[in-house]
Amino acid sequence: MMMKKTNKLMSSSFLVSLSHFITGITCCPPASFQFHSHFLLFSTNKSNPNPKPHFPTHANLQQLLLEKSKTGFDKLDDALAVFDKMLHRKPLPSVFQFAQLLAALVKMKRYSVAVSVFKDMCVKGIHVDIVTFNTAINCFCHLNRVDYAFSLLAGTIKRGFHPDVVTYNTLIRGLISQDDPAEAQLLFTNLIRFKVIQPDVVTYNTIINGLCKRAHACTAVTLFRYMEKKGCKPNTVTYSTLIDCLCKLRLVDQALGLLHEMTKKGITPDVITYSSLIQGLCDFNRWQDVNQLLSEMNTRNISPDVHTFSILIDAYGKEGMINDAEDVIEFMIQSGQHPDVVTYNALMDGYCLRGEVDKALAVLETTMKRRGIVPDTLSYTILINGYCKKRKVDRAVDLFQQLPREGLTPTIETYNTILQGYFLMGRHVEARKFFKEKMMLNKALTLNNYTCSILLNGLCQNHFVVEALSFFDTMLSAGLIPNICIYGTLIDGLSKNGHLEKARSLFDNLPLKGLRPNVKTYTMMIQAYCHDGLFDEAKELFVSMEANDCFPNDVTYNVLIRGCFHNKKYKEAGVLIHEMRAHGFSSDASTASMFLDGLESKEQDPALLALQKEFLP
């Protein structure tokens, strides 16, 4: 009966893997899996290849395995030597002790070796149980071979064992880690449907975590409520996972509601729970609520960790509150916490945002070195970006060239920063050379949409439109799929360089590419039409925005109002101004300046004069 139920749980893709079983050894992993065939060669005595093994006492072996199952062995050879000695014991140690050895290998993250040991246990006829099967299944999942894990599941059933909730939790987690949440949810649904197991809190947490990682908060909360309805009590992990997801989706008040709910139910939040909420509140500059949470943590004797402090330092830095960020670091040190590279990267970024790049450099070269903290690639990228924004590209390039000497590899973000810095300085020759020689020829580097956007924008701004179009075609041929920002950059560049028809063609063909114009793209085209005197086309496009579920913003309104002024459509400008004000937007400096220029002209249009109250106090 159990076998029938399990077959219903597995899709055809997993059933195919059952054919890998070796006849007569149903618990062995598929033969195609590459094991460490050398792991039984433990002897270090070359003069005597078959030394008499030294057996630890039973009590010593028990104590050793108990300790190492929690911490792992210091060296792999030590673990394998213990396994060799266990095989020579008469009688053989219990399956529980072999399971402890496997647990030690898992602690060491030596998953393939653990699978090899499990296989050898099977071959040598050592009794195995559901715990050792679960360990092997877990190892296959960590090795991203969930298909083999499901084959092993069938092996447990063929051996007469009953897979338990741990078995299925492991498989669900394996499917999610291999980015197959649909299969994980199907397995979970069928486990409940066919009443194979009673899902526990770990089962629910695993599925909820998978949903949250893909930002499916609504489904995750629905499952959370279903879990409670079925009598499975959520724990701190459940709430923390949901709270983190809601905060990342900027639903901070809902997350705070869950915090209140969990404390009311007697479930204690931990530092992870509070850190997620603090991050969410910092994103909205809700400092009073942040202070309240920090006070609440103190009341509950929950100490902020390095991650919590780094969140605060990053938030203060982004708001220009660099003194507060420094105070947090000082408080960390006084509290016995050790700032790490993430902490100092956040501080450096704060200095760079204030334009104080030399102070950021001092953090890297003095403070971090004094504390024995090794900068990473991000540390240098922050500095490189800071110097580029200060228009000190040569200093940025010096730091870029320093990376390999420090044993660090620049990322695509580092390269993008240098490329953008060259264009910012108007040094387009060096920018193009850097791109062709350092980026295009670097096979280890994967160009992304941001790279393309920087290059297209830089080329168009320097009037190399033909080269921009050529690169765009090369990008398409290489298989990179441009996003709406790429098309927007090119549309804007083409229209500003006298290629309105090409810009219009790209814009009109966006739906064929599976893309929807956003407000920025619409505004670019409206501005292009207005600039070329095609005011009717601009108005028509403006009207079509709402029909396509894209609503104009303040920039869109101001662009079209200036188009009205340019074409002396003052009454239409008045209608648009009232409409803009109704949406909570206001005229910008360029629009007001254009209006004042109109008043100073010799022509005194009554409709223009009627707009004075909109601009003049």
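The first residue you see is number 1, and the count goes up from there.
Cβ atoms are placed via backbone N, Cα and C, with glycine included.
What TrEMBL lists as repeat 'PPR' is 129-163, 164-198, 200-234, 235-269, 270-304, 305-339, 340-375, 376-410, 448-482, 483-517, 518-552, 553-587. Summarising the annotation, TrEMBL assigns signal peptide to 1-24.
Long-range contacts of the repeat 'PPR' (340-375) within the same chain: residues 306-307, 309-310, 313-314, 316-318, 320, 322, 325-326, 329, 332, 382-383, 385-387, 389-390, 392, 406, 408, each at least 6 residues beyond the stretch ends and with a Cβ under 8 Å from a Cβ of the stretch. DSSP labels the residues of the repeat 'PPR' (340-375) in these numbers: 27 helix, 0 strand, 9 coil. The average per-residue pLDDT of the prediction over the repeat 'PPR' (270-304) is 96, rounded to a whole number. Within the same chain, residues 449, 452-453, 456-457, 459-461, 463, 465, 468-469, 472, 524-525, 527-529, 531-532, 548, 550 sit at least 6 positions outside the repeat 'PPR' (483-517) and bring their C-beta atoms closer than 8 Å to a C-beta of that stretch. A Cβ distance under 8 Å defines the sequence-distant neighbours of the repeat 'PPR' (448-482), meaning residues of its chain 6+ beyond its ends; these are 412, 415-416, 419-420, 422-423, 426, 428, 431-432, 435, 439, 489-490, 492-494, 496-497, 499, 502, 513. Residues of the same chain lying 6 or more positions beyond the ends of the repeat 'PPR' (518-552) and with a Cβ under 8 Å from any Cβ of it are 484, 487-488, 491-492, 495-496, 500, 503-504, 507, 510, 559-560, 562-564, 566-567, 569, 572. Secondary structure of the repeat 'PPR' (483-517), assigned with DSSP and counted as helix (H, G, I), strand (E, B) and coil, comes to 25 helix, 0 strand, 10 coil. Each residue of the repeat 'PPR' (305-339) gets a DSSP state, and the totals for helix, strand and coil are 26 helix, 0 strand, 9 coil.
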